[in-house]
Amino acid sequence: MRLVVVLLVVSIALSVLATVAGLAGHAVPLRANQILILLVAIGYGWVIRRLRNGSATAYRRVRIVSVAGFVAAAGQLVLGGHPAWLRTVEAVQLAVLAALIVAVNRPIVRAAFPAVPDERPHNRRAALALAVLAPLCAEVSLGTVPLRMAWAWLIFAPIYAAGTLALREILRRTGGGYGNLLLLGVAYGLVEEGLVLQSLTSPHLYGAAGWSPRLLGVNTAYTELNLVYHAVFSVAVPVIVVEYLFSRHGTAPYLRRGGVIAAGVIAVLGALLLRMSVPPSEDPGYTMPLTAGVVIALLAAAVTLLALRVPLHPARRRAAPPIPLIAVAAAVAAFGFLALIWPFGGAEQPLFTHGTWSLLPMAAGALIVAGLLYAAWTVAWTTRDLAAAAIGALLGHTLFGLVGNAQTLTDRLFLGGVAGLTALFGAAVLRRPPGRTNAQLIDA
């Protein structure tokens, strides 16, 4: 143990020495990584003290940081282009870190820090299932991306997978229900469509500006469609289905704090990937007005704050209909909402309308949403009821994709297969016995 502490101290001292000497000699400019090195060096005095007191957490941190430091030091040595004297210091630091890795992983040292069982609930399988299902529901099963461009799914996958997982984890830590989850889905739609893709205000992207009259520079029909779509299919549907599949875990978090942070970071990186990929190629030259960006960001923040701070408590008065009726009604509602607002079959505006007449199908779509929210608020739903509604809606939206988005026989066969698999999947999982009625689950 003494050797580990000595090597750790020497490694930190060399990091500080290289940073200070490089800055003093003007060999390297002051950058964020130099400041970070100094802060880490200060903080590790506390880590060393905990390590000497037998802290297993401190031991794990030293193991992780020794490897990360070795990789960083190797990269700095190879790519830094520093003077010879500074490269010598970096080479010594690299050797010390290599010795630290060997020392800290010796069996005698590992035996001194037995792993402490973590009693906090977690479920990596459920988290992985949600991360896989979210992009499948949002992008793959609607057919907006043809099979010949299937590689584009990889561009959308990170923000959907990590974003939905992070929202679910944050929600379950704040005690919200599915109504709150829908609000988080609206916030997600504002961020992805409004800030990342700029599609809510763009006069060119996807031709959305021509769907209906614009209001204050906003593509009204496209905005109505996508805020509802993301709330339901990008966020709520995959969460409901996964929570039903892993019902024994209940509404407890799937990830620990580090996992939630990692999901959030991946979601942000996914948003950057989407921002650098789609707008430059599909909408070159357009930059959203600053005022619009600020307003959308404030709206997203306000909706998120509302979702996390105001738990919804619906009034339960009526028993839910039979499971088959729930699934069919959800499928019809999903198909109907999309067909009312999404131009298809050669139409340029919703439901083959022209001009301001496009406001009529938009109003009808809003009535469908209002009716579903009323039903969600007044019916005593069980986990099985909600799963039936989610799977039915997913089937309906895939059938709309088959009608409205598939352009080739290959795409039609693919979406037809997805619809068939969705129906079979729903029939299989809904054979489970009914779940209990839960106030948190009824917040849909």
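A Cβ is built for glycine as well, from the same backbone N, Cα and C atoms used for every other residue.
Annotated in TrEMBL:
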{"type": "TRANSMEM", "residues": "28-48", "note": "transmembrane segment"}
{"type": "TRANSMEM", "residues": "60-79", "note": "transmembrane segment"}
{"type": "TRANSMEM", "residues": "85-105", "note": "transmembrane segment"}
{"type": "TRANSMEM", "residues": "126-145", "note": "transmembrane segment"}
{"type": "TRANSMEM", "residues": "151-171", "note": "transmembrane segment"}
{"type": "TRANSMEM", "residues": "178-197", "note": "transmembrane segment"}
{"type": "TRANSMEM", "residues": "227-246", "note": "transmembrane segment"}
{"type": "TRANSMEM", "residues": "258-278", "note": "transmembrane segment"}
{"type": "TRANSMEM", "residues": "323-345", "note": "transmembrane segment"}
{"type": "TRANSMEM", "residues": "357-379", "note": "transmembrane segment"}
{"type": "TRANSMEM", "residues": "386-407", "note": "transmembrane segment"}
{"type": "TRANSMEM", "residues": "413-430", "note": "transmembrane segment"}
Worksheet item: Considering pairs 6 or more residues apart, do the transmembrane segment (178-197) and the transmembrane segment (258-278) have at least three CB pairs under 8 Å?
Response: yes
Worksheet, complete the sentence: Comparing 126-145, 227-246, 258-278, 357-379 for Cβ pairs under 8 Å with the transmembrane segment (323-345), the winner is 357-379
Worksheet item: So which residues does the transmembrane segment (258-278) touch in its own chain, when a touch means Cβ under 8 Å and the partner is 6 or more beyond its ends?
Response: 122, 127, 155-163, 165-166, 169-170, 173, 191-192, 195-197
Response to the item:
Residues outside the transmembrane segment (60-79) whose C-beta sits under 8 Å from one of its C-beta atoms, at least 6 past its ends, are 4, 8, 11, 15, 40, 47, 51, 87, 90-91, 93-94, 97-98, 100-101, 104-105, 113
Response to the item:
Per the Cβ filter (under 8 Å) with a sequence gap of at least 6 from its ends, the transmembrane segment (227-246) is approached by 123, 125-126, 129-130, 133-134, 136-138, 142, 160, 163-164, 167-168, 178, 181-186, 188-190, 192-193, 334, 337-338, 365, 369, 383-384, 386-387, 389-391, 393-394, 397, 429, 432, 435, 444
